Amino acid sequence: MAPVSSKIGIIGAGVSGLAAAKQLAHHNPLVFEASDSIGGVWRHCSYSSTKLQSLRCDYEFSDFPWSDRDSTSFPSYTEILEYLTSYANHFDVLKFVRFNSKVVEIRFVGDREATDLTGKPGDYPTILPGHPVWEVAVQTNHSDTIEWYAFEFIVVCIGKYGDVPKIPEFPRNKGPEIFQGKVLHTIDYCKLQKEETSQLLKGKKVAVVGFKKSAIDLALECAEENQGPEGQPCTMVVRTLHWTVPHYWIWGLPFYMFYSTRSSQFLHEKPNQSFLRTLLCLLLSPMRRGASKFIESYLLWKLPLQKYGLKPDHPFEEDYASCQMAIMPENFFSEADKGKILFKRASNWWFSKEGIEFDDNTKLEADVVVLATGYDGKKKLKAILPEPFRTLLEYPSGIMPLYRGTIHPLVPNIAFVGYLESVTNLHTSELRSIWLARLVDEKFKLPSVEKMIEQTTKEMAVSKKTTRFYKRHCISTFSINHSDEICEEMGWNSWRKKNWISEAFSPYGSQDYI
């Protein structure tokens, strides 16, 4: 039976998938969503306490503002899902989505001879060549039946988070199999109902491994379930410290002044800058370090980081440049002050029958161990992509080289939306979806494969200079420049503000790209 043929297929109906479907709606794309609802990680990787880490006005589509966009509170995950549903209904995107349709395999059926897989000088293949380039195997409703679809172009929007947990490796006989208690990953915790999480945590000695947002929120939920004299403390096992912020004000100044305006990003290195600009960045580096120190001084004054041994050794700027800055819940440290949240720094740890052992010969008794150790987005991608493209995903830099955060120069007729990180990922995905739609409609042409690889290599080089956590592929310190180059390529004016004062000192957001 011949595969069902269509021009464009989109995999995933999270934030990025919805943005891509809306921008490509005139091509009637088929959108495959593995679950029964839209929302992606907001639907499947949220706790009852999960909130957005940005204000509403910083997390909205350019043509669909929040009804209460000026609210100063952080919206809950349920409010975000309502917003995304309203967006999808307003633009009639759901008609493209096939729910309970999991993509299990992608097969290349294009012309291998016309596809250069070496990275040598050449042109990227035609976006819509008029014949299928990829076939997609889809499993529907968890059945054994596989249906095949053929597309000229595919947009992958399954993201880096969710689905595939990243599990630490342990020495033999020192893994979770010898632990007499319960071990689970945060992805398992997210699937539990409120009553089940209460039963799991209440009156139990819980260890949470990790110190990023998911670990912090989970530790707080655990502390709140263990109030009173019968309650047990939750211990956070911390390997790598990261800076956290209580809100978006620093010594009375709005946080955006330091990183989100054109003038503030002028202090930071960017790809394709001139020799004069490089020299200026060098001369202005004391100001850049001073801004980071200024923020650190406020955080150390506002939060008891030193009291609990939670002050990172690296500058704040490195966490911001790698999109790892987390908002600290308001009552987190009040629970730590009551002894309901404890902290254990450890380079290495492993399981024992009674709990966890550390390389300093100390032990931690536990009934439950929750691994807040992140997700393996690369493994998720590699599970569906065929060779040789699977091997090329991280060539040549060890990080997926995405031109404009979207096109892999060596993987033909596929776009990846939602893999480039910034402080406002929704805006990042939407702008790149707009760019992609104009590319598909032949409003402009891509440069050569060689030029695209050169551009991505420059971006990686900037990230490497800025932060030791560069492999996260975050553009937060040069996000405006990244958007400028996208606008110029689309034929738009890159300066989006009404006057030069706003251009220099106002923050950039999705509303600037209407």
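Each Cβ is built from the backbone N, Cα and C atoms, and glycine gets one as well.
Under a cutoff of 8 A between CB atoms, and with a sequence separation of 6+ in the same chain, the neighbours of Glu33 (FAD binding site) are Gly12, Ala13, Gly17, Val97, Arg98, Phe99, Asn100, Ser101. Under the heading FAD binding site, TrEMBL lists Ser16, Glu33, Ala34.
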## Note on the structure
Around the Cβ of Ser16 (FAD binding site), other Cβ atoms found within 10 Å total 27
### Query
Looking only at Ser16, Glu33, Ala34, the residues listed as binding FAD, what is the longest Cα to Cα distance in Å?
15
### Query
If you skip the near sequence neighbours and keep only those at least six away, which residues in the chain come within under 8 angstroms of Ala34 (FAD binding site), Cβ to Cβ?
Gly12, Asn100, Ser101, Lys102, Val103
